[in-house]
Amino acid sequence: MTPKHEKQQPAPEVRVAVIFGASPLKNAVKSPEHSNVEFVTVLVRDPRTQKEDSWHSYIDYEIFIHTNSMCFTRKTSCVRRRFREFVWLRQRLQSNAVLIQLPELPSKTPFFNVNNPHHVDHRRQGLQEFLEKILQNALLLSDSRLHLFLQTQLSPEDMEACVSGQTKYSVADAIHKFASLNRRFPIEDEERKKEKNNADSDSESSSSGLGHSDDSISRGCKASSASEES
């Protein structure tokens with residue numbers, strides 16, 4: 001008797017949606033039918049003037065990440081970075097991915113004025129577009145420097161030492177340590193609570209004193225106790 005061959009079912013498609021410049025809570029897809037969709041929300045925002053010395057100032061920017069991607073150690077994070085750190089990141093990513101044409105950063109001009117809102121916002125938009133494109137590339141997402149840049153406040157020198165194994169802490173340790181120095185994000189508290197309730201349906205629902213609004217997340221971002229680097 002000829003054996004009957006079963007028709008093989010195609011493997012489920014795993015899609016990645018990169019969400020830019022929008023509310024992280026409103027765009028985070030959580031419904032069961034979209035459980036196979038990975039998303040990354042990235043925002044570059046809140047430019048602030050920092051004093052470097054008596055004569056010089058610079059602008060740094062807040063980088064907000066919210067994701068369900070397994071590529072990231074923390075699902076929600078917020079750090080501040082200045083332009084020259086973006087320059088360092090691009091150089092390091094390019095040196096480790098020579099066959100990839102990396103997106104360009106906004107051009108550095110001697111006429112840039114930290115007190116000119118148009119100049120500052122134009123650069124912010126350029127940095128946003130740079131990260132948008134970087135986060136769509138799976139090879140670049142595998143670079144530990146990118147994750148340290150996005151989810152810690154380590155200096156470029158300390159990031160290099162960490163990925164080279166010259167520190168007592170690993171990349172994941174550095175990311176968790178930075179997160180522990182800051183307020184926990186309400187959205188992560190909510191997700192942990194749901195996981196706990198699913199594991200034990202008889203347990204009482206835990207209550208949280210933290211709200212779950214976009215504003216509360218922003219306050220959590222800006223409550224960083226880590227010192228800013230020059």
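Positions of Cβ are set from backbone N, Cα and C atoms, glycine also.
The compositional bias 'Basic and acidic residues' annotation in TrEMBL covers 186-199. The domain 'PX' annotation in TrEMBL covers 39-156. The region 'Disordered' annotation in TrEMBL covers 186-230.
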Structural state census, the domain 'PX' (39-156) (DSSP three-state): 45 helix, 31 strand, 42 coil
Confidence summary for the domain 'PX' (39-156), mean pLDDT rounded: 94
